[in-house]
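Taken verbatim from TrEMBL:
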COMPBIAS  A:198-215  compositional bias 'Basic and acidic residues'
DOMAIN    A:8-67  domain 'RNA polymerase III subunit RPC82-related helix-turn-helix'
DOMAIN    A:149-332  domain 'RNA polymerase III Rpc82 C -terminal'
DOMAIN    A:337-413  domain 'DNA-directed RNA polymerase III subunit RPC3 winged-helix'
REGION    A:189-219  region 'Disordered'
Amino acid sequence: MTRRQHDVCRFLLFQQFGEQVSVVGKYLLQKSPSPLHLISSETHLDTEQVKKILCILIQQNIVTFGQHKRGFIEYSIRTGEILNRLWFPKYIYCAKTLYGDAAELLLEDVLQRGQVQMSKVIEVVMQRFNEALETSGKQKISESFVVDKFSNLVRTHFLQRCLDPIKSESNKVVGLEVTGEEETLYRLPDLSRKRKKSHDDGPPAKRSKSERPADDEGDGIFWRVNNERFHQMFRDQAIVQAISSKIDRSAGEVLRAMLRVSEVKTAGMATVTTPISVTEIFNALPKDLMARPLLETYLSLICDDSTNFLSKVGDSGGGMYSINIYEALAQLVKAHIESVVQERFGSKCLRIFRVLLLKKHLEQKQIEDFVMISAKEAKDLLYTLFSENFITTTEISKTPDHAPSRTFYLFTVNIQHVASMVLNRCYKALYNAMVKKETEVNEHRRLLDKQERMEAIAASVEDASQRDEILNTITPSEQEQIIKVRRTIQMLDHSELQICEGIFILEMYLMYFKQRQKDKS
Amino acid sequence: MAGRGRGRGKNVSFNVEALGFGRGEALPGPISQPPPLFPTADFKPVPFQQSEEYDYMLALKQEFLGNMRKSPFFLQASHKRKDIERYSDKYQAAAEVNGKWKPDWRRLPAELKPRVRKKTKSSIKPSVKVKSKVKLSVEDVSKTLEELEKKEVDQGDEEEEEEEEGGKKKEEGEVEEEEDEIYDEEDIEEETDYILSYFDNGEEYGNDDDDADEGPVY
């Protein structure tokens, strides 16, 4: 966790939950597992207020708790959960493209409340969706339609159950269960039970044995969004998109089919998918997209490509292929960093950078020769890159005294190092954009408020001349300024979204890099 | 120190040419100040990627943030300046009540529950009650009176004072009980405010557009 990430986390909390929450968040970011009384005394907030804040943060899956071995309860913050909030718009959009508008509303509601019960969220979505349909004059939908969407999302693991609380002997909640089986997280409750309850009381649900929940408390099963599943989805999308723009769309489809097949078989964080035979790929492809010989050609084409996304691992079953996810992400990150170098330092620097990526270790003299730029300029560019930490040197001394005159200085690019540096800059840029947006809004709050109020009043007035009069209270110069501010905010929001795209690829790559290190050792 | 032996006049110990500086070329001067806060960019940033996808996500992002700020999870700063009473105040308060959220205590540690004052008060009660019960037994009234008459004869004035004290205590007890009742009512009110009367039929959900004075949605 770097300082930049901390800043972003703090700001996100401030933006979405208010100032006091960000104060508690800041404290927890620094000293993560802490008991309640410490938090309230260190943050100088009222204990009751801190309790409320912790409840909110637990509800939003940001804080978890567990029992210390001395018996008190400790609260710890999950920074990943806060940073995931950056991608919420993307999650919602993803749900929309996969399952339509009802799923979009569903996901929006789940994300907003953090943990929800199925019956409640369905009720809310039903109402909202039907209202929207009514205004556009379309047919209403039934409850089973929304229930269907919900179960679809659960079945594809986009939604999962929240962890059940562990209770102590005195029936107090002391922590959250650690589930052994993954399957239980995605088990839907028996939907027919609700109907049974109405005429005979039926067998009590598993959890309600100790305390019968009142009707408005629901079934006690809470659902949340499964972030990892979404990230996996985005990762696959990025890989497919990369190959489709490099070769063509059909190649992308082949890869997509492979990823879909391997999804079920491969463990969550495996750097290489399990081998899949050509037959399996062929069966998974949409029908009449391509004939089998063409598929085999495509597979060998992707294998031979310099990107190393795919590799042939066996000949059984018409040929076994597996996708190297780590390699694919590394290629994406390289492309990302290359474009950063190009846009920041120009194409000549990019040439130096590429030469170093290709040849790994080079002496200064060799670089000057390889890039075919005049020695003086090359030297200048090389040291610019060096001072910005995009390249590093390795000293190899001929003698043990490391005297400079008897030492080779080899320049090299360490992709993992550069990736984490660029990532850090992304977070910094993101934080700056967010802060700038906030100040921009605060500076012009009076003006924006006024406009909004006027519009609200104008909307309620029916007489046209009166409405014009009201709208004219905003002077032309004010109008101009409002437009300017709105444009700035729009731009900053846009930049936030697009920085997030970059952050996603970099984060993914670094995660897989760590995983690979772990696998190796 | 190390440069003392060889290169006279030079302040580095090694051959500068190894770094790529030509013979007679001047070394760059020392840098004694931090880099500028806003360095001039040599290259202009590239324009944003424009696509419908991004536009839609932008709208989603702004809507989500707007909803988040209206939701009960967004805590307003409690020390709001109350300079003058405004006409709009009561409507704003109503809007806040709309979005009450009730935590599910089955899933949260008990220590996070807002404290209810009732428990601390009840611990004082018993000692008072026991006394008053003894006094109130109706059948014994005649007996006690008789006994008291006897005692009065025996001990005289001292006993009378004690009797008076007892009476006082009883009165105090009653007053305290009354106070307790008042507190209890308050507590119940608070509780209902927070839990029992909470009912969200979802009608308010989504149509938050009316409360325009919540702050801008951008």
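Cβ atoms here come from the backbone N, Cα and C positions, even for glycine.
All annotation found in TrEMBL is predicted automatically rather than curated by experts.
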Summary of DSSP states over the domain 'DNA-directed RNA polymerase III subunit RPC3 winged-helix' (A:337-413), given as helix, strand and coil counts: 46 helix, 14 strand, 17 coil
Integer mean pLDDT for the domain 'RNA polymerase III Rpc82 C -terminal' (A:149-332): 78
Helix, strand and coil totals (DSSP H, G, I; E, B; other) for the domain 'RNA polymerase III subunit RPC82-related helix-turn-helix' (A:8-67): 43 helix, 7 strand, 10 coil
